[in-house]
Amino acid sequence: MARPRCSNAVFASFNVLTLLLGAAVLAGGIYAGAPRHRGATDCERFLRAPALILGAAIVVVSAAGIAAACCRASLLLWLYLLLAALLILAALCFAAFALAVTNAGAGRAVSGRGFKEYRLGDYSSWLRRRVEDGRTWGRIRSCLAEARVCRSLQRNRTFDEFVNDHLSPVQSGCCKPPTECNFTYLNETYWTKPPSPSNSSNPDCNTWSNDQSELCYGCQSCKAGVLGNLKNSWKKIAIINAAFIVLLIVVYSLGCCVLRNNRRHKYTLVGK
């Protein structure tokens, strides 16, 4: 008799853990969608929908698991196992999708520079379509302006100090003109165009502006830099996603064990 109770208790405990995790994600999504006067930014609101969907899914699945464990209701347990299987499948599909769309694309080393430069054509067509969409890029551009990624570079360094610095993909693509444009360095975010027309065919040479609210935010290299940062971020997310999948599989296995034990317990009572 003790074995089913123990399995139900362990199963319920794991689901309480995942419920708290889902509630935290859901709360983060709600906070991200708060009005601007409460401190929310376009960057944060841009992440609201995925957080709300993921958090709500985890909460619903975990609540079904807790109810099934407390009530020993086979129907609820079957519902939980179905929902959990769908959640595991979705997490696996996301992992495969993230690997597929971020597999291509990498920064290119530039001679005499400590940083890499990025080209939009190096990335997958799916990612390129996302950043080339005007509405999507408008949100991303707003995020970059709010995060002040270029202003953080302004430290009055010499040219040699600047070019030997390690810049993030976004800083390399959005905060300076491409090296092939042969602009003259005045400071980290202020460059002058050469007096004679550039031989470069790179359209970013004409897009660059010394207006500190513009810089290279409209450049192809900036979009490529955003994708470079996204690729690095998704590597970290992939690790979290893998741990999440392992946790779900563990809880799913416990659910199967509880269902089997509850059925044995029921048959034992019927036999008596």
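Here the Cβ of each residue, glycine as well, is placed from N, Cα and C on the backbone.
Long-range Cβ contacts of the transmembrane segment (12-34) within its own chain (Cβ-Cβ under 8 Å, at least 6 residues beyond either end) map to 40, 44-45, 47-52, 54-59, 61-63, 65-66, 69-70, 247-248, 250-251, 254. Among the features that TrEMBL reports, transmembrane segment is placed at 12-34 (among others).
The transmembrane segment annotation in TrEMBL covers 46-69 (among others).
Feature annotation from TrEMBL assigns transmembrane segment to 75-101 (among others). Listed as Cβ neighbours of the transmembrane segment (75-101) (distance under 8 Å, sequence separation of 6 or more from its ends, same chain) are residues 57-58, 60-61, 64-65, 67-68, 124, 126-127, 234, 237-238, 241-242, 244-245, 248-249, 251-252, 255-256, 258-259, 262.
What TrEMBL records for 237-255 (among others) is transmembrane segment.
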So what's near the transmembrane segment (46-69) in sequence-distant terms, Cβ-Cβ under 8 Å and 6+ beyond its ends?
8-9, 11-12, 14-16, 18-19, 21-30, 32-33, 76-77, 79-80, 83-84, 87, 90, 139-140, 143, 251, 255, 258
